[in-house]
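Per TrEMBL, these features apply:
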type	residues	note
COMPBIAS	1-10	compositional bias 'Polar residues'
REGION	1-31	region 'Disordered'
TRANSMEM	36-55	transmembrane segment
TRANSMEM	62-81	transmembrane segment
TRANSMEM	121-139	transmembrane segment
TRANSMEM	174-197	transmembrane segment
TRANSMEM	252-276	transmembrane segment
TRANSMEM	300-323	transmembrane segment
TRANSMEM	344-364	transmembrane segment
TRANSMEM	376-393	transmembrane segment
TRANSMEM	405-427	transmembrane segment
TRANSMEM	433-451	transmembrane segment
């Protein structure tokens, strides 16, 4: 296969050819503007991963102050940095919507591309369903009728529809909205950290935990994992990024540093300034700490910030799910309908609509085990992603990689082994019901692939033109 063919299939423009005229199935038409610039992309990545220090508190409850601080200091190097490096290399080598689906499809073929898409989409859209519920949970503290009954159900429905419509208006609006939400939701933590400085007693940082409180390693590692995860989600938006070969690595670098500081600074401040029972460090404790450090006004601000953070998380992750489906349609893994763009806003309206409908349905369920199963599926997807990354280096070494992780294949394998081992541990300690639900979802994903293959071969539905199977 020629260098030109390899680069064209990767979605990267060969020398002398404009990226927008490649005609690669995962690329958008030439008329589609690539609107996401550096600053909005940084905040979208931030909301894909974190959305603020909300939810980091259980790490202290589970293992004590010192181990919580060490966890948020060291875990980024074990998990976040490798995942971000992989996303930077593959998003610049294959800059089309679909992200990790494209990587698995290019590495191992359409079956694994479809399986990756199903695993990641299911885990993503189920997680999204939690955010409108979280918004209402905070609002009910002010508006008490929202605590139960039809007012609660209606408010969840309305909030989901309104937030989905914002997503429908386009990534340019979503990106800059993420910037605004990020600034407002992080501001109270900055203020709290500054006010806390005179009250900090550094010896509290060295505490291994309160006597009589048993360490909960499962809670500790899961808290670290899910607060520093999902760096690859933004890859599904690569086709919408302005100059992705340059913008993606820069945005990921800044986002990693920014996110880690957003977790560590408030954690150091609150641990050093506040002395409370370790068991009080549950989710939402930062708001209580703000009241102890500065007063009721700052507690309210942090609670409002939690709602804004949930909105940002919803918008960022809904965008990833919607553009992932469009990318899968462009790869002929899904019918062409899933790649349809709205005339007014040029957004993938079918992906947004489908994701929204599933989100609404899940919002009214007690889905603790389903969320755990979705996280299990995400872990399976990450193992496939690591494998795709290493295999693509071996399979397509000629592909132009504007950003390249500076390691040879043995080094890449070692880089991926540590986070892979962590994923295996997370899956091994899962419950039987999680194994059952995850297994059923995976069987459904496999069945979906063969159904789509049957529809394509028998021309039951319309599909985009993709490369011949012999060329894969």
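Glycine is no exception: its Cβ is also placed from the backbone N, Cα and C atoms.
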Long-range environment of the transmembrane segment (252-276) - Cβ separation under 8 angstroms, sequence gap at least 6: 42, 45-46, 49-50, 52-53, 56, 60, 65, 68-69, 72-73, 76, 80-81, 84, 87-88, 186, 189-190, 192-193, 196-197, 199-202, 204-205, 227-228, 231, 285-286, 289, 292-293
Dominant neighbour of the transmembrane segment (433-451) in 62-81, 121-139, 344-364, 376-393, 405-427, by Cβ pairs under 8 Å: 376-393
Of 36-55, 62-81, 174-197, 344-364, 405-427, whichever stretch has the most CB pairs under 8 A to the transmembrane segment (121-139): 344-364
Whether the transmembrane segment (36-55) meets the transmembrane segment (405-427): three or more C-beta pairs under 8 angstroms: no
Whether the transmembrane segment (405-427) meets the transmembrane segment (174-197): three or more C-beta pairs under 8 angstroms: no
Long-range Cβ neighbours of the transmembrane segment (174-197) (under 8 Å; 6 or more residues past either end): 35-37, 39-41, 43-44, 46-47, 51-53, 166-167, 262, 265-266, 268-270, 272-274, 286, 289-290, 293-294, 298, 301-302, 305-306, 308-309, 311-312, 315-316, 319
Same-chain residue ranges lying at least 6 outside the transmembrane segment (62-81) that approach it to Cβ under 8 Å: 49, 56, 204-210, 213, 215-217, 219-220, 223-225, 227-229, 231, 256, 259-260, 263-264, 267-268, 271, 278, 418-419, 422
Sequence-remote partners of the transmembrane segment (300-323) [C-beta within less than 8 Å, at least six residues beyond its ends]: 43-44, 47-48, 51-52, 54, 97-99, 121, 124-125, 127-128, 131-132, 134-135, 138-139, 141, 163-164, 166-167, 171, 174, 177-178, 181-182, 184-189, 192, 230, 233-234, 236-237, 239-240, 284, 286-287, 290, 347-348, 351-352, 355-356, 359
